[in-house]
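Below is one structure, written out as structure tokens; the observations come after it.
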Amino acid sequence: MTRDKKYYICSNCANISNKWSGQCFDCGVWGSIVEEIINTNKSIIKGSKQTFDKLSCNVSEQLRIPTPICELNRVLGGGLVLGSAILIGGEPGIGKSTLLLQLTASNFESEMRCLYITGEESLDQIKLRAIRLNITNYNTAILAATNLEDIIASIDDNNNNIDLVVIDSIQTITTKELSSPPGTVSQIRTCANELVNYSKQNNIIILLSCHVTKDGQIAGPKILEHLVDTVLYFEGDHNNHFRILRSYKNRFGGVGEIGVFEMSNSGIIEVTNHSELFLIKREHNVVGTSIFAGIEGSRPLLMEVQALIVPSNMVTPRRSAVGWDANRLSMILAVLSSRIGLNLANYEIYLSIAGGLKIADPASDLAVAASLISAATSIPLPEHSVFFGEISLSGEIRKTAKAETRIKEAVKLGFNKVICSKLENLTYDFIFPCAHLQELKEIIK
């Protein structure tokens, strides 16, 4: 007789305990313990011998298949790899399903046989969305199913005719082996594990769409990200028309690469002039505004940094940062006060990265400092200038990685003044190297 036992599993770290608690004892997260029913009547099956292979470099490049979406190829490291499992997460309505449907209906250079499986929509709804997106490739197979065994059986029935499988989404898939509802930790873990193993054994590419939590993390157990080969996040603000696809894990390419897309009525469109998308053309510079020459992955990207400083009557003036680390803003303010005498203790300070972008590059310190100095002194920054450089606690400006790539992107977009840390082997007339914040202050004056 089958024996089912209740366990309590942390939805954050998948730690299993015998009783419920408000906080996970393993990872410390509150409110993450959920009840699961696990079948304990499983017999141990003896394994069989496997054949060893040797590590060699004669793998065919045909294993990587470029997609018709160039921005997606950049993020993936050149294209889709046969037998790989890819997880793509994002907020509801951000465009995950639209991107995946456009991908499956694209015309690949090498003939790709694609299957789009939905657990959230009916077949008629998928067809209506395809009409809205002007998709004319009607050879794409679609299937509405939520049962794992049915999905694998359907793929097996057409195994020789399927190269790419999209499942939208993994939270809706369930297996008959478990009695727990869809979206629970055990269901997600078991179904994802079976699908990943199936893709490896049959050399099929599987793309899994995934929900995210209110904190922007992949919904479900953390092991889900460990199972797959690639983890992508589709980022963006519903109030803005652009979207960014970013890689957080990639066994076949670089991590941190981004692809820039634009959301339109006819679907998702690639953006090639990505830097121009986030910049506003002005005849004269505005007080408190600077341009940061950044790097996202291997891609140079120019971004606008805006600062606003106003007097405050509060005991503790407000410090707000949108798209930038608030703790790092406090550090830059302390360095400006200590090293160049710019005391802003009685002022409210607002910092924003234009376009809803988020910057984690330490080289953005110099652009932020320039915007703050400009806003505090009401002096516009030099026209057609860009900034990059990391600021230390001593006020020194440290060297920055990929400086030449940043400079080339700035020059290409018409900027003729680069204010940055001191560089080696780069001595152009338009480069103004700074060793300390005091030199930056003199340039702004």
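Any Cβ shown, glycine's included, is placed from N, Cα and C.
What you see is a predicted model, and the numbers here were worked out from it, not measured in a lab.
Per Swiss-Prot, the features are as follows:
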- G90, E91, P92, G93, I94, G95, K96, S97: ATP binding site (BINDING)
- 348-445: region 'Lon-protease-like' (REGION)
- 249-253: motif 'RadA KNRFG motif' (MOTIF)
- 10-27: zinc finger (ZN_FING)
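Positions of Swiss-Prot features highlighted on the structure.
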{"residue": "G90", "record": "ATP binding site", "contacts (Cβ under 8 Å, 6+ apart)": "K96, V212, Y233, F234, E235, G236"}
{"residue": "E91", "record": "ATP binding site", "contacts (Cβ under 8 Å, 6+ apart)": "V212, G216, H238"}
{"residue": "P92", "record": "ATP binding site", "contacts (Cβ under 8 Å, 6+ apart)": "H211"}
{"residue": "G93", "record": "ATP binding site", "contacts (Cβ under 8 Å, 6+ apart)": "H238"}
{"residue": "I94", "record": "ATP binding site", "contacts (Cβ under 8 Å, 6+ apart)": "F234, E235, G236, H238, R243"}
{"residue": "G95", "record": "ATP binding site", "contacts (Cβ under 8 Å, 6+ apart)": "F234, G236, R243, F261, M263, I268"}
{"residue": "S97", "record": "ATP binding site", "contacts (Cβ under 8 Å, 6+ apart)": "T118, E120, E121, R129, D168, S209"}
Model confidence over the motif 'RadA KNRFG motif' (249-253) (mean pLDDT, whole number): 92
For the zinc finger (10-27), the number of residues DSSP places in helix, strand and coil: 0 helix, 4 strand, 14 coil
Env. residues of ATP site, Cβ within 8 Å of mean position of G90, E91, P92, G93, I94, G95, K96, S97 Cβ: T98, F234
